[in-house]
Each structure stands twice: as C-alpha cells, then as structure tokens.
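Visitor: Below you'll find the structure I mean.
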C-alpha cells in the first residue's frame, strides 16, 4: 500500500487559495513532507501593483517556509503561479493555462474563499459559490483527476446544534442564488439579503453552505472530499509551533485583551469554542486526499476537522488561560492592565463598551492629536465593535460537532507516514497551545522584540495603576455611602429638633 508521500510522487496539483492561511501551510507541508511531488500550480492574481512573480516571492519569503528552505531549497521551483481569479468566469484563466491544467493535474485543493462576515451577498456568492462552480467545471474536464478536496467550514450548518459529517439539505438552490446576484441591482440585493439568509447569521456561512452543494452536484461520479474545519488557529507543531498570519479568532482576542484594548467581550462565558490548529487541519486535508484516491469510492466524503468532544474550551476558560499566559509574557505598548469582562447582555455590553472602550479611545486619540500624531484608537475600537456584533452568534452559542469520520481517517494513516501522524494531538496542553500562539503573534504579526524586559516593566506599572484606581474608586463609593448616611442622620436630627420646638417639647 502506497504511503502518502508515495501517493503524491510525480503528481501535479492545482491549488486555489494558496495565498491564504490554510493554503500557505498546505503548500509548505506538501513540498516538505512529499519532496517528490510534481508541479504545484497555484492560482494567483496581480495585487497592489505586484505581478505573479513578485507575489509568489513575497509568499515564499515568509518565515513559514524557512524549514523547507533549509531542507529542500530546490523545491520552490515546483511552485508554478497561474494567472487567475476566483471572482471571474472560468477563473479568469487563459485558454492555454486552462488546457495545461486539464491535461496535467491529478489533485485539486480548492481553498479559495472570502472569510469576511460582512461581505455583501453579491461578493460572497461570486467568490464562494460561483468560484467553486468554476473550479468544478474545470475539474470535470481534467483527464487524470484522482481527487478534489474542497475546504468548507463546519459553521456553514450553524442553524443546527448537532453537526454530523454529512451533506445537509440546501439552504437555497445555488443556481438560483448565483443567477440572482448576477442580475440584481446591489441596492436591491442588500434589501433582500436578510430574507435570503434565513436562519444563517451572515453571507459567509450562507455562501459556504451553497458551495458544498455546488461540489456535490457538479462532483457526481468524481472523487470528491469536503473538509470542514472549525476555528483555525496557529500551528501546533508543524513546521514549528505558533505560526500565524492574521488576528482572526481566539488569538486576535487574546492579543487585543493583552494590549488592554479589549476590556469587555460580547458573548456567553460558557460558550464552547471548537478550535483546530492549522497544521492539524492541513494534515487531515492531505490524509483525506490520499484515502479518497486509494479507496476508489465516488461517494462524496465529508470530514468535520473539529475537536468535537476530544477537547472543549469555553470562552471564559480561554480568556483565563490567555490572561495567565500574557501575565507571564506581557505584550509591549499596552494601554492598560489586561483584564476582561464577558457578558451576553446587550445593554450591559453597550454601557461597558462605552465606559471601557469608547471614552478611553477618545481621550487617547485627543492626546495623540494634541501631540501632532495620527489618532488611531477610535478607529480600532470601531472595528472591534463591528467584529463583536458579527461574532456574537458564535461567541454566545455552542455546537456538538461530530468528528467520528475524522477520527476514523486519522487511524488509517500508515505507521510509515510519521510526517502525517495525528494520534494524541488532543492531549496537547491548552496553556502551551495558546502560549505558543501568543508568542507567534508577537513575532510574526506584531514584530515585537524577543526581550520582554520593557514589556514586563510596563505591565507592572499598569498593574499598580489599575490597583490604585480600583482602591480610589472603592474608597470614593464608600465615602459617598458614608457621607449620605451622615447627611441623612444630621437631617433627621434637625427635623427632630424642629418638631420638638414646634410642639413645645
């Protein structure tokens, strides 16, 4: 039986979304763990004035690829950028590039998607649903296709409390929705969007749900796999712990809390957050491709890449762990001592957000403006507020994400495939996971120095300021209460004295 590297040997791969978080890690993993792979064609478009070659250079120069650079420096020649765009019909491919893919590609990884929750229905549909349709139409013409893996999300079925590894009935007909967004005015679409979404909270999960049915319907008699990751966080081990490239998800919340920017969180303390390290998700993607190709089964395979019951963490526990990690390894340039209050009461959140976020932001921005510097905190708080509103549905609810098929899949890995073993990852210490995630954010996102001496001094300073302020507030409140009691006692004595005079006592 062929191992996973043997399966990938000499196979040409087509990857969409290769410049995204999961896509980059997938690209690095295949090149490093399957060094004899054929060419990897990666769909890219020109962006911010950079051509494909410049974009590919920027991508491969990331620290993520340092281990690969040392181990197999020649492997980067196998990455072939292909000009295209998932927003365009036919993926915007030239006739020659399309023919080249149809004649040479054996494996497709479709990872391209917009993951923003506030996209318009038109934009989200064109890239997430219609883009998937265009990938499937090309895949159907590939002469040597052995497997196509579509990266979905487990939350595209978030209107169900129990999510099994099956394709559920559609929320809408993808053909109708694509036709509507292609032929309806943007303003009219904005008006219709709430009704079209139904019970789903945003355009992201709605269009990702449509995309699963695009894959199912157009993938008939094709070797199809659907992988549904939960909340994807920084790498657990591979190629090293803590790799991350964005502030999305729990890590972003911990960083904002550690900076003292976020003091109140809009959500339920008991909401269970299901997270999946990006390297674990990528290994599952590779294993799933190998398993589908070797099985010869043409029924769509669905895997929830989720922790499920293996490891559960509540929002409250996550923040407790995060604040403990940050206290041991403080962030630089913090605005106040890290501390967070969680509430799912909208009125309480608005009041505390105004008191702890909005007013300090106005004061800090005023000081910055007075000093001749550019105000920024109010703009950041606006983004945090909008994100809190968008994420509330997920921060206040819990789902039972079944992952029996995922567990079965990881048990199929051969003993020889040491680079793809996943047994036991659920026993990783949560504090260590988020400690490495926080350190990764410090290094790769915030670019802060390794020496934390100054940050620790600042943290100590703010700890004393916060403690003194709390003591002052408590004393002030006690004094007000005491003063009121004294005032009431004096007034009562005066009234008694006046009454005695009036009655001649």
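Cβ coordinates come from backbone N, Cα and C, glycine included.
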Visitor: Which stretch, out of 312-329, 330-347, 384-401, 402-419, is listed as transmembrane segment by TrEMBL?
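Guide: When 312-329, 330-347, 384-401, 402-419 are checked in TrEMBL, transmembrane segment belongs to 384-401.
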Visitor: Pick from 348-372, 423-447: which range has transmembrane segment per TrEMBL?
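Guide: Of the candidate stretches, TrEMBL labels 348-372 as transmembrane segment.
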Visitor: From the ranges 462-483, 484-505, grab the one TrEMBL calls transmembrane segment.
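Guide: It is 462-483 that TrEMBL annotates as transmembrane segment.
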Visitor: Would you mind giving the whole-number mean pLDDT across the domain 'Fatty acyl-CoA reductase C-terminal' (356-448)?
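Guide: Average per-residue pLDDT within the domain 'Fatty acyl-CoA reductase C-terminal' (356-448): 90.
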Visitor: Using Cβ atoms and a strict cutoff of less than 8 Å, what residues sit near the transmembrane segment (348-372) while being 6 or more residues removed from its termini?
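Guide: Here the qualifying positions are 261-264, 266, 335-336, 341, 378, 380-381, 384-385, 388.
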